[in-house]
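Okay, so here's the structure we're looking at.
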Amino acid sequence: NRSMQSSTIQYRYFTLFLTFLFYTAYHLSRKPISIVKSQLHRNCSTVIRPADLNITNNDTWCDWKPFDQDNYQTLFGVLDNCFLVAYAIGMFISGIFGERLPLRYYLSVGMLMSGLFTALFGLGFYWNIHSLGYYAFIQVMNGLMQTTGWPAVVACVGNWFGKGKRGFIMGVWNSHTSVGNILGSLIAGVFVSTAWGMSFIVPGLIIASTGILCFFFLVESQFLFITEALTQIDVENGETEPLLHNSPHIDRTINSTNTAEISESVVEHTEAISFCGALRIPGVVEFSLCLLFAKLVSYTFLYWLPLYISNIAHFDAKQAGDMSTLFDAGGIVGGIMAGLVSDYTGGRATTCFIMLVAAAPMLFVYNSIGQRSLATTIGMLLLCGGLVNGPYALITTAVSADLGTHESLRGNSRALSTVTAIIDGTGSIGAALGPLLAGLISPTGWNNVFYMLISADVLACLFLFRLVYKEAQGWCGRARG
């Protein structure tokens, strides 16, 4: 059935493109807060003062209350953690819902609600809201809504692609994280100096629009695609009963594709795996704890890099935001390279381990000499971005998909969403801790922030050591054979 095979392959890559677009929008809508921080609290002595403005404090007249106080970095940390703690808690629940609800509806509602709360943060500018409680509540709700994204899109891609080239495909696909960060920085940067509210409203409208796109066009698995297609064929042939999942028509169609990847991902089970059952899958705990510290480093850069560049290199808010996109550009290359190497060697843990080992000294070098010249800054940001985000990208995509379809599950594809949620949920605890610790430590000096990041990198390596040893044993065994 060549027509069916061709349609399946075409829609497989269309689904890859759609999910890429969806999660780009998720990350695009998270980025504005890091760009707007340097606008909410500025050095007012460098700002031209309007002649008709009645000023009571020369030092803070240009700041946005309540971020005009000396503890503004702590307040920024509170906002970051309202989002990230809610995201971490919600992620563990999200995977359970993701297995039991249609992914198309789940993603669509999640993106629409994320767009609403992102826009509400920006409307605080136009409504002249100066309550920390308002912005904190918006961040909590947005964090919960954003948890709908990751387990669902990974489950969709895992349902369409087999293990053969999963590292490379998901490495390229996972560049949506960095592309979203870059676009979010650039879009927010356009408005940040004139009307920072639009830095949130425009990304909010974008992610809401992709939610509508998801509702009309996403097909969440090959099984569903083939079932619907064969049902349509039966209707056209005058049959009124839909094809059952165990119909021989489906078996013949699957066999006719003659590809291991398609047949692997079409198997469908109705029973979802339990939370404890997912934890017992070999490697889930180790990779989850590794991701906790890897994501701590990545999200500290995500939320604090523009402010760091602004403070150390004395760039304005837009320039610092534009410069910070180089870290994400490096992350794109790092994620793709990590996927390629791990596909070729079969060593997911070893690939992550080597990149994390290399990242620790590079973070030290960046903090020491990274701001000496423009060329040095660009080179170090690209290199650090690749080494920091490469392992993070590999664990959250190919590793999660591998473990979610582990041989111990005996083909239960419904486990993928729960495994993804456990791994990314644990990582999100680190994502919440990183910006919080940065907010608490940065008043004592940026050097101490980088020492914290280097320590987290080392801990991430330690949790992978057992898996690296097992992979090395496997290679040695094959070499002897």
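From the backbone N, Cα and C atoms, a Cβ is placed for every residue, glycine too.
Worth saying up front: this structure is predicted, and the values here are computed from it rather than measured.
What TrEMBL says about this one:
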- 18-472: domain 'Major facilitator superfamily (MFS) profile' (DOMAIN)
- 12-29: transmembrane segment (TRANSMEM)
- 74-93: transmembrane segment (TRANSMEM)
- 105-127: transmembrane segment (TRANSMEM)
- 133-161: transmembrane segment (TRANSMEM)
- 173-192: transmembrane segment (TRANSMEM)
- 198-219: transmembrane segment (TRANSMEM)
- 284-305: transmembrane segment (TRANSMEM)
- 349-369: transmembrane segment (TRANSMEM)
- 375-395: transmembrane segment (TRANSMEM)
- 415-437: transmembrane segment (TRANSMEM)
- 449-469: transmembrane segment (TRANSMEM)
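When Cβ distances are compared across the two stretches, the transmembrane segment (173-192) makes contact with the transmembrane segment (375-395), since 3 or more pairs at least 6 residues apart fall below 8 angstroms. Contact between the transmembrane segment (105-127) and the transmembrane segment (74-93) is not supported: fewer than 3 Cβ pairs lie under 8 Å, counting only residues 6 or more apart in sequence.
Across the candidate stretches 133-161, 198-219, 375-395, 449-469, the maximum count of CB pairs under 8 A to the transmembrane segment (415-437) is reached by 133-161. With a cut-off of 8 Å on Cβ pairs spaced 6 or more residues apart, the transmembrane segment (449-469) and the transmembrane segment (198-219) reach fewer than 3 such pairs and are scored as not touching. Mean pLDDT for the domain 'Major facilitator superfamily (MFS) profile' (18-472) in the predicted structure: 81.
Non-local neighbours of the transmembrane segment (133-161) in the same chain are 12, 15-16, 19, 22-23, 26, 29-30, 33, 78-80, 82-87, 90-91, 93-95, 98-99, 103, 106-107, 109-111, 113-114, 117-118, 120-121, 124, 169-170, 173, 218, 220-223, 261, 265, 396-397, 400-401, 404-405, 413, 416-418, 420-421, 424; each lies 6+ residues outside the stretch with a CB under 8 Å from one of its CB atoms.
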